[in-house]
Amino acid sequence: MTTSPIRVRIRTRIQISFIFLLTHLSQSSSSDQSSLKTDSLSLLSFKTMIQDDPNNILSNWSPRKSPCQFSGVTCLGGRVTEINLSGSGLSGIVSFNAFTSLDSLSVLKLSENFFVLNSTSLLLLPLTLTHLELSSSGLIGTLPENFFSKYSNLISITLSYNNFTGKLPNDLFLSSKKLQTLDLSYNNITGPISGLTIPLSSCVSMTYLDFSGNSISGYISDSLINCTNLKSLNLSYNNFDGQIPKSFGELKLLQSLDLSHNRLTGWIPPEIGDTCRSLQNLRLSYNNFTGVIPESLSSCSWLQSLDLSNNNISGPFPNTILRSFGSLQILLLSNNLISGDFPTSISACKSLRIADFSSNRFSGVIPPDLCPGAASLEELRLPDNLVTGEIPPAISQCSELRTIDLSLNYLNGTIPPEIGNLQKLEQFIAWYNNIAGEIPPEIGKLQNLKDLILNNNQLTGEIPPEFFNCSNIEWVSFTSNRLTGEVPKDFGILSRLAVLQLGNNNFTGEIPPELGKCTTLVWLDLNTNHLTGEIPPRLGRQPGSKALSGLLSGNTMAFVRNVGNSCKGVGGLVEFSGIRPERLLQIPSLKSCDFTRMYSGPILSLFTRYQTIEYLDLSYNQLRGKIPDEIGEMIALQVLELSHNQLSGEIPFTIGQLKNLGVFDASDNRLQGQIPESFSNLSFLVQIDLSNNELTGPIPQRGQLSTLPATQYANNPGLCGVPLPECKNGNNQLPAGTEEGKRAKHGTRAASWANSIVLGVLISAASVCILIVWAIAVRARRRDADDAKMLHSLQAVNSATTWKIEKEKEPLSINVATFQRQLRKLKFSQLIEATNGFSAASMIGHGGFGEVFKATLKDGSSVAIKKLIRLSCQGDREFMAEMETLGKIKHRNLVPLLGYCKIGEERLLVYEFMQYGSLEEVLHGPRTGEKRRILGWEERKKIAKGAAKGLCFLHHNCIPHIIHRDMKSSNVLLDQDMEARVSDFGMARLISALDTHLSVSTLAGTPGYVPPEYYQSFRCTAKGDVYSIGVVMLEILSGKRPTDKEEFGDTNLVGWSKMKAREGKHMEVIDEDLLKEGSSESLNEKEGFEGGVIVKEMLRYLEIALRCVDDFPSKRPNMLQVVASLRELRGSENNSHSHSNSL
């Protein structure tokens, strides 16, 4: 059978097609393999840039494996399409050129790593990207101008928490048709957005836009309404001013609008409520809005969170609004001027969890039907209002309540027993009202209660025994009531009790020793009662406790310290959340006191492992007997107030061991004997009052005691010495017979020498040996005598400090570890000689970290020696490591560390001596009373620039970066060229590393220079340093100290300067000495005084300083920006160092 030609042709074609298909598949496979190999090489190239991979994420990135098997890599169709290494903790100096050839990559996620990555590298990414997430990845620089137009396929961009600077690129919204999510939050972007073109066609896909946490300024652009599908808009924490555009009401799909923490003004536009029916979250807090709350907000029926706090909104709160808010969960209206009756319609908010009406002018009564209407309510905050009436018993029907704060109102009646039904209640705060009656026993049912703060009321009766069932209680304050009976000993069973305030009541009986069992007690105030008996020694033997997690967490405290004798006790501790500081001036019982608000923050203690009481006030009672020696075991004690009792005996020597003690008042007692010499060691002591006792003998002349006013030692007939009249010299004669002893000794030596010669003639070999031994012994005796004499001089009367070196062998021979050749052979003995035994005459300063002495060396050069405060622990290894690090830091605007030395328990640092002393002394006059030097504008500007450059170097050029923590004018020293040198950098870190017991206030800065956020958290930051140098800059410009009650009243230099700026009175901030200079011909020759070039420069300088002291850290510039801004001022560098333009 023959095959037809047609079949042959068909078979041939099939064969040819099959061969072609095999060839194509082979070529395609070869191409895919090649592309995959290229992808692998790109990823491995990126891996070589990684210097640290703590979680070994990249351990399986190997040439032997397919890149599709690499951790964090996803492939599709044999190509790499997604890289996700977010949160891996990778670090290194990287570039995106490694990813350029990944032409199938669509998703790149590298957030939360520690790269050093220049923003220009963004332009090296593949054009195929649709999703880019690089938050917290170390990006620096400006956003590239053509980035958004080049990557027009991007759907989502997240670049938050980096260090972008400069303005937003002009093409941001021009080529973003596909872009749905853009997050540039928490960078350092500046400039306005009002000039950006936002066409409707390019912004139509945008649903999420976040520019928060930058320094963007100007008004909010109307053209944002072209983003018609926008669901979330966040412009918070910027510098926007002007009004909210009325056109925002056209954003009909908007669910979240956050404009908080800006400088917006005007009324809240009613249009927002007219059309935003989908709005769920509205945050307008921390602005300058005025007017009333628009009733049109009632249209936002889906609203879940409404935050209008910290504005100047006035008028009554519209009742109709709350009736429409069926979904509302959070309502924040604090710190406004809202008046009228407390809104009764709040009971209609069935889902409401948090209601904060603090610091307004609400009046009327708390609605009786508040509960169970608002059955979900967890926090009810009403402090600092004008609310009257009683606490409604029905409040117990809000069973979810955790916090009730009714402080600073005009409530009366009694505490309803029904409050015991609130089983979840943690805080019941109602201080300063007119609440009367007894404390209900039902309080004992509150097993979760942490804070019971009822001071300044009219409570009577005794503390009920049921109260001690509240086993989780942490803060109890019944101060300034009319409570009676004895202080219950059951306080000792409260294992979490930290603050106990029972002062100014009618308690009788003795102080229960059981209080010493409270392992976490740090604050005990029993002043102004009728307590008798002795101070129980058991208090001083309080067992230390490890830190308890969450102790007093969430509390905002203020310590109102009394000054003078107008009020009893040292002061009072109050819960200050939601209360304006100026309200303290309006409280009658406090207004009669001369007081200063000394501290506010979350907690006054670090609760160290060896924690004991920090504040003890037993004044104004009828206590007898001796002050127990065990008080000296309270190693954390900072305030000890024992005045106006009937205490007798001597002051215990052990009190001088309380190295953190800052206030000690034992006045108006019957104390006898001498002031212990150990008090010389109290380096933090700022107030002592021993007046009206029977003390005798000299006041210790070393340490702080002789520097305090004489009034604090008055009416002690036998007391003498500075600051009182000199003591009669009856027992200070030098020992007799010293010279005779020396002559006898020399005679003996001469006789021995003669005998040696005779013996040498007879037995020459033996005489040589004896002579050598004898010479060595004599030299050793002489050296020992000289050493003893020199060491004795350290403890002599003229020595300005105390020493602990007795355990050190041959201390005088110890070398000073130095970082400069010319000081290589320096020994401790030479430092003693150079300071005349560290005498008071050689002391040139003292501060929180120790005393400073001027030492003149034998070659005529001078150095400064800082003797650090004596630390409680021996951290030799940490000390030496820190010194070696600090010794390597060199910059022309830093005071260089030349060397260091450890002798016994003492640590000495050797610095270069600065001829003109500190900026504080130059600005405000030296303490010696000499005439102060008047600084001109060019000198002041030069000093400000130098100090900024020094701090900038610490922040940005040191590895690791150094946060100063205590930047102030006394830590800016001036060399022979009047060049500013920052000193004491690294000290706070050193001290805190070596001594965990040191008070927080010592390590967190100096009053007047401390940024507001430090009072909410003890975490020191670089932006905190920026605030502090901003204060120094204001100090330079104004010539005023940062704190001065006579000058600023209840505010400080920062608050006063901001007020003058708001009022348009900028010129009043400038120092009068500069204005005198400014009125001269050199300033106003051509343009007139206020229009003069230099005056304009001063005002620009003021603007920079005010930016540094912004209340919000995110709005402050970093030090690179500060230096750049100061550099833009009309330069004086041409007259000084030619290199002053660089760091």
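For all residues, glycine too, the Cβ spot is worked out from N, Cα and C.
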Margin query: Can you identify, from 40-47, 96-103, 720-727, 784-791, the stretch that Swiss-Prot calls motif 'Cys pair 2'?
Written below: 720-727
Notebook entry, point to check: From N84, N1134, pick the one Swiss-Prot annotates as N-linked glycosylation site?
Noted result: N84
Notebook entry, point to check: Which is it, of 68-75, 316-323, 748-755, 892-899, that Swiss-Prot names as motif 'Cys pair 1'?
Noted result: 68-75
Checklist line | Close in space, distant in sequence - T835 (phosphothreonine), Cβ under 8 Å, 6 or more apart | finding: S842, F853, K854, A855, I865
Item checked: Secondary structure tally of the repeat 'LRR 6' (203-227) (DSSP, helix then strand then coil) -> 5 helix, 7 strand, 13 coil
Margin query: Counting only residues 6 or more past its boundaries, what in the same chain has a CB within less than 8 Å of a CB in the repeat 'LRR 10' (300-324)?
Written below: 260, 268, 272-273, 276-293, 330-341, 343-346, 348-349, 351, 356, 362
Item checked: Sequence-remote partners of the repeat 'LRR 16' (447-470) [C-beta within less than 8 Å, at least six residues beyond its ends] -> 402, 407, 415, 423-441, 476-485, 488, 490-491, 493-494, 496, 501, 552, 555, 572, 574-575, 589
Note to self: Six or more residues beyond either end and a Cβ under 8 Å away: which residues meet both conditions relative to the repeat 'LRR 14' (399-422)?
What the structure shows: 353, 358, 366, 375-393, 428-446, 448, 453-454, 575, 577-579, 583, 587
Next item on the list: Using a Cβ cut-off of under 8 Å, list the residues of the same chain at least 6 residues beyond the repeat 'LRR 9' (277-299) that approach it.
Entry: 236, 244, 252-271, 305-318, 320-321, 323-325, 327, 332, 338
Margin query: Quick test of the contact rule: Cβ under 8 Å, at least six residues beyond the ends. What residues does that give for the repeat 'LRR 6' (203-227)?
Written below: 155, 160, 168, 173, 176-197, 233-245, 247-248, 250-251, 258-259, 264, 1114-1115, 1117
